[in-house]
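> I am attaching a structure below and will ask some questions about it afterwards.
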Amino acid sequence: MTNPMPQEYYDLLEEIQAVDFVLVELTLYLDTHPQDYETIQQFNQYSQYTKQLKQQYEQLYGPLMEFGMSYSSYPWKWDNAPWPWQV
Amino acid sequence: MFTQRKYYYPYISPFDPCRPIEVKSYETPPQLYIGFQPPSLPQYESPKEALYRGTLWPALYSPYRNPYERGDEQQ
Amino acid sequence: MWYYEKKLQYPVKVRECNPRLAKYLIEQYGGADGELAAALRYLNQRYTIPDKVIGLLTDIGTEEFAHLEMIATMVYKLTKDATAEQMKEAGLGAHYANHDKALFYNNAGGVPWTASYIQAKGDPIADIYEDIAAEEKARATYQWIINMSDDPDLNDGLKYLREREVVHSLRFREAAEILKEERDKKIIF
């Protein structure tokens, strides 16, 4: 992994953080408003969108999740820096 | 005008050793007034704006600044 | 079970090396109203509360771990390249003697985290009201730390975390309404 990370890394990460944040907000809202059909539709749209963004991210910078939630290229990249607190 | 910040005037004794702060204040953020969030509240325009506000809904946003810096406590 | 995702919830930035701020901020790491206490409190209460609020406790408890990682990141960055001398001047000499730069679950006064900070009463109303109070206390703690911090980048992250307390507090207040089971019986404006 390059050191330091390029600007494009920060931009894509920020995009993912923003979309995933909307999903966190919608999740907590739906936990107390389980009948809100429109919000569930919005939730599913963002859910699909974040999967696309993460696929793009993982091809460039390696897996975001472990235990089989992300595909692995060769060699195994999970251990590669940077870790979230380092960037 | 409605404000989330509320003010009060503490008793000041001539024997208080520190220079008195005449007006003190505290926060009353929006969750105290909402009760149960109604459906279809307006949302921030973009996911990034929501992220940097810390909430998806303007009605839940609570701005905060250091009151000493703003000079509120010296009013 | 849980999955780790290799990203922060929010883009944390710190402008200056400032171990003194790290000393204050550790309150939200291993203090009574900090993120560790919050995560453990909510996740532990799930086993003895009605099903309809377990999902919320699970999700907020999980989000608290994301906030714990943000606080750790802030503390890590505030102290990363500080010298032993700088640590000493910042009031972290005792911490340094025991831990070097390692993070430790203690509060701003150096008192180690203890389970007695959190309660699980087994009474749904008592537990949800404890959670609402915990969110308000954490919000206040963020305010007092922001009041002492002059790092605009750090304050940006702290204001985000403070806002999350506001949203969590609202959701717990809604959970209390759900437990009362009177919402569908009358129109609430």
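The backbone N, Cα and C atoms fix where each Cβ goes, and this holds for glycine too.
Below are the features listed in TrEMBL for this protein:
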- C:E35, C:E64, C:H67, C:E135, C:H168: Mn(2+) binding site (BINDING)
- C:D59: Ca(2+) binding site (BINDING)
> Out of C:E35, C:E64, C:H67, C:E135, which binding-site residues come under 8 Å of chain A, measuring Cβ to Cβ?
none
> Counting every protein chain present, what is the number of Cβ atoms, excluding its own, within 10 Å of the Cβ of C:D59 (Ca(2+) binding site)?
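Its Cβ shell of radius 10 Å holds 18 other Cβ atoms.
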> Can you check which residues sit near C:E64 (Mn(2+) binding site), meaning Cβ under 8 Å from its Cβ, same chain, 6 or more apart in sequence, and list them in order?
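Residues satisfying the criterion: C:E35, C:A38, C:A39, C:Y42.
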> Rounded to the nearest angstrom, how far is the Cα of the residue listed as 'Ca(2+) binding site' from the Cα of C:H168 (Mn(2+) binding site)?
10
> List the Cα distance (Å, whole number) between C:H67 (Mn(2+) binding site) and C:D59 (Ca(2+) binding site).
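Roughly 13 Å, rounded to the nearest whole number.
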> Please report the distance from the Cα of C:E135 (Mn(2+) binding site) to the Cα of the residue listed as 'Ca(2+) binding site', rounded to the nearest angstrom.
15
> Using an 8 Å cut-off from the Cβ centroid of C:E35, C:E64, C:H67, C:E135, C:H168, can you name the remaining same-chain residues around the Mn(2+) site, in sequence order?
C:A38, C:A39, C:I60, C:E63, C:A138, C:L161, C:R164, C:E165
